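J.: According to TrEMBL, the protein carries these features:
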- A:6-26: transmembrane segment (TRANSMEM)
- A:38-57: transmembrane segment (TRANSMEM)
- A:63-81: transmembrane segment (TRANSMEM)
- A:88-111: transmembrane segment (TRANSMEM)
- A:117-141: transmembrane segment (TRANSMEM)
- A:162-180: transmembrane segment (TRANSMEM)
- A:213-236: transmembrane segment (TRANSMEM)
- A:248-275: transmembrane segment (TRANSMEM)
- A:295-314: transmembrane segment (TRANSMEM)
């Protein structure tokens, strides 16, 4: 097998094995209801994780995602409460702000040659702070259009539902996969992850690509914020704390190398589903504390880091004795 | 030899001034269609500056560039590439995590309906590489290809992008003999297609193997351009150095060198899969040379002697007492030193200063609990900077900013600072210029006169002959022959390497 598929194959194998184990204990786990809920409950995280995948593939990191989700939610709730604007108009505004915010961070990272970690950390505090400026309280969203959107779903045989947001996540993944593997922008993202200096010498527009990557991540965080507001019907500045870390975990479990340059957007979907599966299992069990989710994800992450190290070690040795 | 003046690239009166130094002074350079033209000179002679002025990496301060009859003024390497000048560097400037095809077409992938058409891209990549006699699947990741294949892919990309002039900047430095031959076959083919090739290298044999003409620079000035066939090697070296390198080649080996007692004795020493068990004796004040082709087990021998790889058979003795060398730490405790081959990855720590790099091994031997005082470090660094003539503006300069030869000397200084009695040098003169070459050789001879025992691994046979009293010849990861005294000549070594039947080592 081509070595670049090994981490992805490991992820898929773990997912299938885990699902099989769950199914043996609780045959209901395979019902379309569970699958539908798995998609709906993880929609906002999945959408944000697609953006994070691009950032990590390029060798960067984006810590601002959770804060941008919260800011977008509060922004939508506050604007809907205080103006007569239609939600779709507000969505466009929110996406514009989030994209601009991401692009700005990308520009700072490139032009001031600052590490992405620090720049997006600043972005994280800034976005969270702006959310608090808009409102300290949880602002409920009562617009009738929200009820309409929640009413959209596709009923699966067996009673499960692909909701609007669950479907949107799948669509984002499909588009994300196309962008990553079938566009020049996608190739440039991988090129940056392989080595920014070399990529520049080979004619990759490094400045434009970096800005576009973080703008894309901002855009998807904004979209994730919209989905989150649909999911919770409220905007709250303290929500979505630490979502960026969950997204990073999903990306790494999905088989993308944290050093950049290698991985698949599709793998991130599996990573999200594995994390959702663990959550679902714990809900089914009923007796386990929900913190077991964190423990299992921690162990899984650790396992994947070991896998990546072992994989790098093997490929290095192979070349040495080739 | 072409008689007509079919010039594809001509540079006249090129000037380049850096703050405080004139890097190029009125340099003229002419490249014909369908020729391979060597650009030679010691480090700092201005070859890379000239190339950078041609490729637009530097803006020249004066002079004229004419490509194919039209005056050009490239502002950056992309513009030069568009105009028809492509460059391939020693470190392959491609992306290891992309496939061969993606590397060839990055930024210009064929598209259908706005999406990259991978099938079409792979087809074009195969068509492009078909002329290079390369047997690779264009869908494999570049990192899984050998350096030679990567180098060929880089050339294919450069030629495809530019197509008039190809500049090869030390492309062979990390290739073995077979791979170099493969590369040369490609260069010859490109030459027959009418491409002008500029070839920069440190290996003079390669210059004679492939180049039609030679241009030599020294101190930013043009020394001359000659036909390779009409320029004997000695004269070429004289042109490069501006002086006769009197002791470049010594005729016979150091037969009269010391007959001291055997200090280091290794019996049946080896490790499965690395190097077959061998016997080796090293006397006090003796240089033992190690010769063999790349991959014959030279580096493996060094690693096992230094404990970097653990031996799984045999014994080691110092002065008749058995010792245990299972790790570099224990080896250092027995006053062993080892300068590895690839100084960029195994030797220097680029961001640390010259001083810190020199003090490193001594500090490691003393243990971290007993730091070397700053004053002592300064003294140490200054002493070796002076003793080995390490050219650096001051001892606090990050070592990566030094030239290759000076980095090599700093690594030597690191081990000399520990006062070793047994020093292993792996390719001490690789990738450094001719002048520094001679200095390192002189240094080796001095160390040996002071009573140190050395093992020197080198692919430069002339060099081995110059300083070794005995030469061990390796083949297929085994010691196959040992030449002593009068026997030590280049032709004997070549014979021993080439010999089909194995003579037993150490009679």
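Backbone N, Cα and C define each Cβ position, glycine as well.
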J.: Looking at the transmembrane segment (A:63-81) and the transmembrane segment (A:117-141), are there 3+ C-beta pairs under 8 A, with each pair at least 6 apart in sequence?
T.: yes
J.: Are there residues at least six beyond either end of the transmembrane segment (A:38-57) with Cβ under 8 Å to its Cβ atoms? List them, or say none.
T.: 65, 69, 116, 161-163, 165-170, 172-173, 176, 179-180, 189-190, 193, 213-214, 216-221, 223-225, 227-228, 231, 240, 243-244, 246-248, 250-252, 254, 256, 258, 260-263, 265, 268-269, 271-273, 275-277, 279-280
J.: Six or more residues out from either end of the transmembrane segment (A:88-111), which same-chain residues have a Cβ under 8 Å from its Cβ atoms?
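T.: For the transmembrane segment (A:88-111), the list is 60, 62, 64, 68, 71-72, 75-76, 79-80, 119-120, 123, 127, 145, 206-207, 210-219, 221-223, 225-226.
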J.: Determine which residues of the chain contact the transmembrane segment (A:248-275) at the Cβ level, with the cut-off under 8 Å and only residues 6 or more beyond its ends counted.
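T.: Non-local partners: 4, 7-8, 10-12, 14-15, 18, 38, 42, 45-46, 49-50, 52-54, 56-61, 173, 176-177, 179-181, 190, 192-195, 293, 297, 300-301, 304-305, 308.
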J.: Which stretch, A:6-26, A:117-141, A:213-236, tops the Cβ pairs under 8 Å count with the transmembrane segment (A:295-314)?
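T.: Looking only at A:6-26, A:117-141, A:213-236, the most contacts with the transmembrane segment (A:295-314) come from A:6-26.
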J.: Do any residues of this chain, six or more beyond the ends of the transmembrane segment (A:117-141), have a C-beta under 8 angstroms from a C-beta of it, and if so which?
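T.: Distal contacts: 61-64, 66-68, 70-71, 73-78, 80-81, 101, 105, 108-109, 214, 229, 233-237, 244.
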